[in-house]
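Trainee: The structure's right below; bear with me while I get my questions together.
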Amino acid sequence: MVRKALDGQEVVTASAETLRVEALEVRLGENLVLKGVDLAVEPGEIVALLGPSGSGKTTLLRAVAGLLRPTGGRILLGKEVFFDGEKGVFLPPERRNLGLVFQSYALWPHRTVYENVAYGLRLRKVPEKAVRERVLGLLDRLGLTGLERRYPGALSGGQQQRVSLARALAYDPKLLLLDEPLSNLDAKLRDQARVWLRETLKATGKAALFVTHDQGEAMAIADRIALLNEGRMEQVGTPEELYRNPKTLFVADFLGNPNVVEALVVGLEGSTARLELAGFPLRARAMGALVPGRLAKLVLRPEALRPAGVGEVNALEGALAHSLYLGSHYEHWVRVGDALLRFYSPLPLGEARVRLAVDPEAALAYPG
Amino acid sequence: MVRKAPLAPSVPWPLALLTGAVGLLVLAPIGILVYQSLLTAPFFAPAKRFALEAYRYVLHDPYFLEALKNSFLIGLGMVLIAVPLGSLFAFLVTKTDLPFARLFELLLLAPIFISAIILGIGFIVAFGPSGVVSGWVESLLGHVPWTIYTLPAIAVIAGLTHVPYVYLYVASTIQNVDASLEEAARVAGARPYQVALSVTLPLVRPALVYSGALMLLLGFELFGLPLVLGDAKGILVVTTYLYRLTAITGTSAYHLMAAVSVLIVLIAFTLVLLQRYLVGRMEGRYVAIGARGYRTERLPLGRLRYVWAFALALYLLVAVVLPVLGVVFRSLVTSWGPGVDLREVFTLGHYAEVFKLPNLSRAVTNTLWVAAFGGLVALAFYLLVALGIQRGRGFGRVLDYLAGLPRAVPGLITGLAFLWIFLFFKPIAPWRNTLFALVLAYTVVWMPYGVRLLTAALLQVGREVEEAARIAGASPVRAFLHGTLPLLKGGVLTAWFLLFIQFVREYSTGVYLMTAGTEVLGAQIVALWGTGAVDVIAALATLQVLIVSGVFLLANRLGVRPQGL
């Protein structure tokens, strides 16, 4: 079924229009949920909206879909204005021509798979023959052949998800929106679905904006990630950019599950900071305006820490507090001063005291 | 492994006793009706024998066949009018940004709590030949372009006054529709009204079918409206045929009345079964009837929202406001007709008369007593039955079935049956002249309604609280008293308010049971209708409306939501 999606022989008109969200504000009741968010989704691009719960990512998606009315800012797709707070323009969802895959899939239980997918085409008064061709073609591409007469209640979670995607794609929408598309699948299925979803989306050539709270999912599927925090955009960039060059402590802390410890800033040398942590001198990348003599937040990813070789500099030393066997690797907790640092190793460690080395490039220091 | 002993506070013998009591209460009236219908003379007469004479007479009586046809046509009219309007209003009020939705919601429920007979009288006062509205229209157009004393008119009025029943069912079901199903349709390109027709309404089809069958059933049980509206032209329906039977035949027609009653019960029972069958077949692909869900974002109606609000307001004006105001108005004037000066005819005399005549003032106090005290007794009984249904296993299923049976027996017939029971069993005969007789009959008539209210309340509490108490070492009874009962308070209070209102509103059950000394408002109005004392009737009706609205507003403030039949 993955192969089939790759073929993509069906003609799809990749829209050449950019989605632009400008200074978007959404107020729900007393709550300012989005506080001036900017975002662009280029044609053919897959963008993930990532953030902790309550960060406003679903709100942003629903605002783009037209399911809620923002209080300020603008949303445009190409030249078409979806929403303009100043001019009081609000295009209702049915006139935006978007596809939306709901978290719950939201398949109509009283319609067959075929009728679910055909609905948007029927509304657009497409001739019955073309409807048939389009629906059966889509179902075939998504590996759903033979299920067209079934009702959604008789489908598995994975099948429902694909029907939901087929329904969103049926009327050739200008942009595809997906709300936590994989969250209802069980863990094993989800890993396969990531690959499948990315390939399928890429095969359609459509721009897609999808919400997720799972960073792994965002990194695997998206071309770019937009990381939201408390109604503001923290950083937008490729998964690698966000991971390697997180602009803020929040971004660094959110991606991966790093050690964040406090360290004293001793001095600055260009973009490198000299720090002191529990008596050990350490060099790290300065990620903001650090002030010598003040404390900084030091982000040390577990995967950046390794047992130091003989004579290696930029290292810390501490006592091994815990060692956990996790199947594919060991997870160790080392006490360095007041801080507990976590790192991995493929083999168990022999001794009770551990010296850990880190490349200065991989240690990130943020103003405390 | 699993212990079979029930966790319920009842050991089998109280349960058996309860089942026996419910069985007796429910089956005795039906039993005596069937028994009497098979006799050739009153059951207390010395000379009688078993025969099918009564059925033969009734089934060959053209009046009965005519009444049967009329009942069916009225029921059909109710389905055709109430189901579309009720569903439309339910969608507008619960799903869209209709202005004044809260107010509409409140007013839409009013007809459920006002006796049909009062609404009927209201229609006469407002839209009748010499009605207030008719007079005004006549002065405008030169003639009145409608009449209310024909069969189609009765069907239309019955349809309009029963819209709220459909509304209640459909609205509570629509609220359970997952909003994302509707949003999905909108994103796919559907306008709000297309969403309603292609997603929301198809999803609540079970509620539509259920309320359609309910309309047919209520159409057959309809008594107040055809009594007051059908009188002028002699239009009979099955219930009024029963009521007028003595007058028609000129004899004491016990066996005929019983035969008609049994036939009505049979038809109603068939309709109840049909309803269950149709709804049962639709499980799975639709939204289940009942329990309220969460509120979601509303569909915009655009510029049409005020048009729809106007349509709803117009409906409320015609079906509720004008008839009720008409009755109130009529109770405050000595006479009414073209060219009458309001200042001259205004009077409080009808109310003075109500409180001067002992039988009328007693009707007011008795009604309050029956509603408050009788409501409480019924409530306690229903709570036991609901508990038995929830926890009684085998007995529970029997109880559930028995408690639902009175649905198929209209109040008028239950009242008649209880009258005969009091005549038949000498030991309880003295109770016939007490309010106890009424309370007993009311308890049976409203059992399906009350038991369902309490079953729903019990279901919401859940068994975990009580199980936790049992684990902690409480006895079954103590676990119920300390665990479940405190949490049940809200549900029980709601049920008590609703029963109070229904008991005040009830009019048909008391028609035969009422005696000198046990008058109640509704039945007294029916009795007075024959005498033509419209002044006093309007005053009594106004009092009933006042009591019900007062209690309803109080209950509403306390967060009580009404439940349909």
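Glycine is treated like the rest: Cβ placed from N, Cα and C.
Curation plays no part in TrEMBL annotations; they are all automatic predictions.
Pulled from TrEMBL, these are the listed features:
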- B:68-275: domain 'ABC transmembrane type-1' (DOMAIN)
- B:364-555: domain 'ABC transmembrane type-1' (DOMAIN)
- B:12-35: transmembrane segment (TRANSMEM)
- B:72-94: transmembrane segment (TRANSMEM)
- B:106-128: transmembrane segment (TRANSMEM)
- B:148-170: transmembrane segment (TRANSMEM)
- B:207-229: transmembrane segment (TRANSMEM)
- B:253-274: transmembrane segment (TRANSMEM)
- B:306-329: transmembrane segment (TRANSMEM)
- B:368-389: transmembrane segment (TRANSMEM)
- B:401-423: transmembrane segment (TRANSMEM)
- B:435-459: transmembrane segment (TRANSMEM)
- B:480-504: transmembrane segment (TRANSMEM)
- B:536-555: transmembrane segment (TRANSMEM)
Trainee: Under 8 Å for C-beta pairs, could you tell me which stretch among B:12-35, B:106-128, B:148-170, B:253-274 has the largest tally with the transmembrane segment (B:306-329)?
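Mentor: Stretch with maximum Cβ contacts: B:106-128.
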Trainee: Mind checking which residues reach the transmembrane segment (B:106-128)? Cβ under 8 Å, same chain, six or more beyond either end.
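Mentor: Tertiary neighbours of the transmembrane segment (B:106-128) are 89, 93, 134, 146, 148, 157, 161-165, 167-168, 222-225, 227-229, 316, 319-327, 329-330, 501-502, 505-507, 522, 525-526, 529, 534, 537-538, 541, 544-545, 548-549, 552, 556, 562, 564.
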Trainee: Go through the chain and flag residues at least 6 beyond the ends of the transmembrane segment (B:148-170) whose CB is under 8 A from any CB in it; none is fine as an answer.
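Mentor: Apart from its flanks, the transmembrane segment (B:148-170) reaches 70, 73-74, 76-78, 80-83, 85-87, 89-91, 93, 108-112, 116, 119-120, 123-124, 127-128, 204, 207-208, 210-211, 214-215, 218-219, 222, 225-226, 229-230, 232-233, 235, 289, 315, 318-319, 562-565.
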Trainee: If you count Cβ pairs under 8 Å, which stretch among B:12-35, B:368-389, B:480-504 touches the transmembrane segment (B:253-274) the most?
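Mentor: Answer is B:12-35, with the largest number of Cβ pairs below 8 Å.
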Trainee: Given the cut-off of 8 Å on Cβ pairs that are 6 or more apart in sequence, determine whether the transmembrane segment (B:435-459) and the transmembrane segment (B:207-229) share at least 3 such pairs.
Mentor: no
Trainee: Can you work out which residues elsewhere in the same chain, 6+ from the ends of the transmembrane segment (B:12-35), have a Cβ less than 8 Å from its Cβ atoms?
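Mentor: Sequence-distant neighbours of the transmembrane segment (B:12-35): 43, 258, 261-262, 265, 384-385, 388, 392, 395, 398-399, 402-403, 405-406, 409, 413-414, 416-418, 420-421, 424, 440, 443-444, 447.
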